[in-house]
């Protein structure tokens, strides 16, 4: 029975609830989340860990005037329930349904949209400074996890916060996890605070003595210096306070009464304050508590067993993971780098077999790329496995530190193209465009997961940067693997008719299906696998143009700056410079200049006319 949950009317009720009722409400919210996400899938473990914290925040703050920014945003399901969206969970992350992240168009209480990590403090600080310049009165809060705190942007923001003394509250949600287990110096530092409460007890007792003792100024100054020295011994660095940020904690992130008291204290302090809360990712569901990594983002699952309802087959991530282990056996110079995504990118097996050659840098893509550059300069063969959407964060480093020096770094780009339910902030539809204009960069796309190992071996033997991009999941049809590669040379799969469909990566399977459907309609098509996006195969394009082919390019990337534009530009140059007298026409198919929302992969390709039927319709238009 969910008496409080079922009768909940809005945020104003939280401020009137007793702590015992809030504790009951927390359990009812957990039951609701476990039940709903078991059917739809979603980010379960992170949301189960912030139930009490969210309730405490919304009991203290008035969201009609105060502002709260949630870092990453995948832990905002409780926020969505409390702000009136519980009835939309049946369509969570589905096309046309509720987003799994904050969306300003969904609610006035979604103050800032997030998806990538480490942005909340910067955004909240911007809001706080806007408040001050406009002479407004409100509280601004950033909620950030210990994983996100490993991101350089978060540290940059803290540095700015402490320097300018802006009134801002930062809640550190410390669950010792990002998606997987946290790594690095920041994580180690926080661990020392968690397990050693001596400083916090000392600070409270010391301040109490000073308040009760009548002493002179000189003695007080000496004692303050003594206090400073002792706290350095007890908690080395006192990282936050030395940056000029008042530190409160660590406190139990599942004790609503204690949370409320500390938040109220922070609310009444001048200058920036950081509240350090300790939470358990997956709390309240035994399977998520035992394996929070698996329940970070999970598909529909069985409530009683915790097992995923639909077991996926072979994936590109697994193919990459197997391939890099095999490659590392042959070449001791191979090293693997990830930015807090070991399991997601398929590197678990490598990390266990070659722990000294595996480097998880935390949520620090910029650092990861330049680390790889340094390794390459020193004779190693670094392979950086990263999701397409997160490689965006290291754009400058790829250009400045890798391509500019023409260093042999391999980028294994996972989750390229449409990833589905995570939505706009996670779709991998920009990488071809931002990599395509980088000098010295070679870009490859396997048409089948069996090609990953051959591409990876080829890439690792080059003396310049190579990016291999591949989609989430596996293959829709079985295609024979191309096993040998010559830079810039494509693969002709079908030679029929005077229409050439040139596809890259995952879209080759779509092209094959289109060819079969068009043939049944009496139209013959030549299908070409553009296994190299950069450089393009100029000899094939020149041949097609000289024979007046209608050329159609097909990619799972935005059209602007993408693969198709490279083909179009070269084909046009052949015609406009009078190199070839041709009536060829080039049509580019890909994603338009817009952000792609959440939904299933199949539905999103269909909605953008990049499924088989959509491509066929586009071909018919130019016949």
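For all residues, glycine too, the Cβ spot is worked out from N, Cα and C.
In this structure, residue 116 (thiamine diphosphate binding site) belongs to neither helix nor strand by DSSP; it is coil. Spatially close to residue 116 (thiamine diphosphate binding site) yet at least six residues away along the chain are 72, 389, 390, 393, 425, judged by Cβ distances under 8 angstroms. According to Swiss-Prot, the feature thiamine diphosphate binding site maps to 74, 115, 116, 117, 147, 148, 175, 285, 365, an assignment based on sequence analysis.
The Mg(2+) binding site annotation in Swiss-Prot covers 146, 175. For residue 175 (thiamine diphosphate binding site), other Cβ atoms within 10 Å of its Cβ number 23.
A separation of roughly 7 Å, to the nearest angstrom, links the Cα atoms of residue 146 (Mg(2+) binding site) and residue 175 (thiamine diphosphate binding site). Cβ neighbour count for residue 146 (Mg(2+) binding site): 24 (other Cβ atoms within 10 Å of its Cβ, all protein chains included). Between the two most distant C-alpha atoms of the annotated thiamine diphosphate binders (74, 115, 116, 117, 147, 148, 175, 285, 365) there are 32 Å. Taking Cβ-Cβ distances under 8 Å and a sequence gap of 6 or more within the same chain, the neighbours of residue 74 (thiamine diphosphate binding site) are 43, 46, 47, 100, 101, 297. Using a 10 Å radius centred on the Cβ of residue 365 (thiamine diphosphate binding site) and all shown protein chains, the other Cβ atoms total 28.
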